[in-house]
Structure formats: structure tokens, C-alpha cells
Amino acid sequence: MAAATRGCWPWGSFLGLLGLLSVAFAAWDLASLHCNFADFCECDFRPDFQGLECDLAQHLAGQHLAKALVVKALKSFVHDPAPTKPLVLSLHGWTGTGKSYVSSLLAQYLFRGGLRSPHVHHFSPVIHFPHPSHIERYKKDLKSWIQGNLTACSRSLFLFDEMDKLPPGLMEVLRPFLGSSWVVYGTNYRKAIFIFISNTGGEQINQAVLEAWHNRRDREEIRLQELEPAISRAVLDNPHHGFWRSGIMEEHLLDAVVPFLPLQRHHVRHCVLNELAQLGLEPRDEVVQAVLESTTFFPEDEQLFSSNGCKTVASRIAFFL
């Protein structure tokens, strides 16, 4: 129901809006009653798949694989009343392609409090694990943190950013939480969601998309089976990646490897128009063109992919307004 979504609102007349609000309040009452009995309403876990799909369709440019894989995995997991293991997704791709954006959307559309929910936990190497010499303390703290938070709420989301910058060996403490055992350290963890984000595999993904372009294949024809082996090899061969010798990939604990494709000029244009709309501004051709002209593209001969994806779009727009 459109009125229940949190992001893509069907704006209409004032009377129409009042009608939608009345339906929303009625739905909220029913949902509150339903949540007393439904398994997926623990804590502030309130999945809104319609809102998520709408937001992805409108704002995530050029990522047909990521959209399909993430939504399918989430729906299957959330609708399972008794999952045998937590949902574990690993997002890979070049900088600025939407990995962090998608992870923030998952928090927004799965938990009532979004990223501020007490059951959404975001880990950054620079902030939380800055000193490799403290690895043993980090491992102990991370294990206790996850165990404690899953004890408080089994429906918890754990986001691990910049996996290629984590101290080696840290992720091995997660391995017992990611498998199919029923209980770990006295904690029921099977309804948790783990999201890992890294740039590792980005070069391999870029090369595959470039080859498709050379062969006159549409990028939407690229399938996961073409990319997953190369991404997995890049991770397993990278001693700086958090999964290095952790057993997580070797024991097939990932439910999905999610590739993010490099963005082309028309995708960056889409991001510029989206950002202008978010600012409440009309699309201005001179601003759009200025941002595109200031963006660096690669490879040198083809000038096909944006070096920073859409990461610097907002700051560039502010400069050219």
C-alpha cells in the first residue's frame, strides 16, 4: 500500500492526501495489532519492501544486479518464520557505485529508527578498529558486542564498511555467528542480518563491463554467474581484505555476493538530476553539463566509467549552483 511506504510518496491533491492519511492510520492500527503476533515485528523491525523497491528504482542508477539480488534475498529471509542462519550479504564494486547508499536504505526500510535504530550497528575500520596491534582486544570486544546485541534483539542489522581496511584476523570471530548452528554462546542469532562492504573485486567487475561494452552487449545482460567467481578470487587473494583466511568465504557462509557495476555518463547525469530534485531545485542544463564536464572518466581511450561514480555529485552541484 503506497501510504505505508516511507520514501516514495504519491503526492496528489489535499483531499487525496487526507484520504491516504486516513488509510495509513487504519493500516497502522492493524499493523500494531498484527505485530503482537508476527515473528518479523521484533524490536523496531518494520520491513517496508514497497518503499525499498520504489527508492531503489528511482535513485539507484545502473545497478540491475544489486537491485534484484538484495530485494530477493531480503524478502526470502524476512518471510521465513524460522531461518536456519542469518542473512549475510557482501557488496562489492568501485567507489561511488551505491554500496553505502543501499546499506543505508536497508536500515531505513527495515527498521523504524533507520540508521539511528538501537538495533542497527555500523562498524568502520578507521573509527572502531584503527590500531592493528590491538587486534586481540578488538576480537574480544566485537564478539561481546554482537553477542550482547543479539541477546537484546535477534532482529539486528550489522554493517561492516571498508572491509579491505580491517585488521587481518578480526573477522574470524564472526564465523560462528554466520553459519547454521541453532545457538551460539547462548544467543539466538538466526534472524540477524550482516552486510559487508568493500571495493575489492571492483577492478574485475569493471573489466567485465568494459568487455561487454566492446562486444556490444547491453550491461543489463550481464549476469551474476559471470562476475561472482572473479570477485571471490579477488577477495581470497587479497591479504588486506577482512575475509582473508577467516573461513567465511571458504565455508560458503555468504548468502549472496552483490556486484555493483561502474557508472557511465548517463548514470551520473541521473544522479545529478536526483540530487537537484532532493534540493528542491528545477533541473538546469548548465549545472548538469558542468558537473559532467568536471567528472573524470576512465579508461583513458574509451572515457566510459566515472572514476568516483556518483560520490562527488552533491559537492560538485554545490560548487556550480
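Glycine too: its Cβ is placed from the backbone N, Cα and C atoms.
As recorded in TrEMBL:
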SIGNAL    1-26  signal peptide
DOMAIN    85-227  domain 'AAA+ ATPase'
BINDING   Gly93, Trp94, Thr95, Gly96, Thr97, Gly98, Lys99, Ser100  ATP binding site
Secondary structure of the domain 'AAA+ ATPase' (85-227) by DSSP, residue by residue, totals 72 helix, 24 strand, 47 coil
Please list, in sequence order, every residue of the chain apart from Gly93, Trp94, Thr95, Gly96, Thr97, Gly98, Lys99, Ser100 whose Cβ lies within 8 Å of the Cβ centroid of the ATP site.
Tyr101, Asn199, Gly202, Phe260, Gly309, Lys311
Between 0 and 100, where does the mean pLDDT of the domain 'AAA+ ATPase' (85-227) sit?
94
Can you tell which of Gly98, Ser100 has the least company, meaning the fewest other C-beta atoms within 10 angstroms of its C-beta, among these binding-site residues?
Ser100
Using CB atoms and a 10 A radius, I'd like the single residue among the binding-site residues Thr95, Thr97 with the highest neighbour count.
Thr97
Which of Gly93, Trp94, Gly96, Lys99, all binding-site residues, has a Cβ with the fewest other Cβ atoms inside 10 Å:
Gly96
